[in-house]
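Have a look at the structure below, then the notes.
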Amino acid sequence: MAARRLIPPPAGSNEPPRIIVRKVMAEAHDGHHGGAWKVAYADFVTAMMAFFLLLWLLGATTEKQRKALADYFAPTLVETRQNSAGSNGLLGGSSLVDKDNYPHRAAQTGTRAMTVPLSAAGGDREGTGDKGSLRADAASAIRAEDQKNFTRLREQLALRLTGDPRFARVRRNIRFVPTRDGLRVDLIDNADYSMFALGTTALNREAAELVDTVARAVAPLGNRITIRGHTDSLAYGDPRLMNNWMLSSGRAEATRRRLALGGVTETRFSRIEGVADREPYVTARPGDPRNRRVSVTLLYRGG
């Protein structure tokens, strides 16, 4: 910026007035910038994060899950109304028979909006509206699936035992009993054959092969397993050294070890126990050899 000033000549002089030009440099004020670029950069980074999150969701979800997400994030307004009873303000209230059936305190008056997903029909896991109905429906579906698996298991074992001559003697020693807890597979002795060597916890060769066959059929399932050993009422000479409690528990454990060797994972075993002769198979005859048995129960999931 230039400033001009005229200096008059001395009095009585014919010289023209001198012109003095002085340049004034205005101080620059553009050295400090604002923070607008930071806001724009933050918006860009946020948008990129949202974009990559969207790409991840598209790749990690099914079509049905994506539809559910879309319905969740696209609500529709179904009602905006004033409380039918009471008024706004300090003395505002709500009716006991509000048509939306939601309880309200006195302070919760005025305009109220409620949103629900666009897809009001729900889906495969839709409840009935009653408390716990969705959980009950899921439990029923799981139990129905377990029952189908148990039926298939029985058919597979029956086919394998019938078609293999190795099991000619022991195929009659296995029984399937549906219970409220699941499917119980009983390995039972009879007068002609014993699964274990007399008075011991050692499985006979044919019985060991039978347990191996059961293990291969049970291994693919995810149901937890309990094993219970039973004996007849015949007692030992010195119960301090050996008794039916120890024998039944030992036979249950021997069966568990054989199932584990056959492919059943250790984490699936829920309980191993021996009940001696307290739960006879033939109640009228406590000494009947059929009371000597091992029960392997596949439990319902979630039960």
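Cβ atoms are placed via backbone N, Cα and C, with glycine included.
The domain 'OmpA-like' annotation in TrEMBL covers 183-302. Taken together, the residues in the domain 'OmpA-like' (183-302) have a mean pLDDT of 94 on the 0 to 100 scale.
According to TrEMBL, the transmembrane segment annotation covers 39-58.
Across the domain 'OmpA-like' (183-302), DSSP classifies residues as 38 helix, 27 strand, 55 coil.
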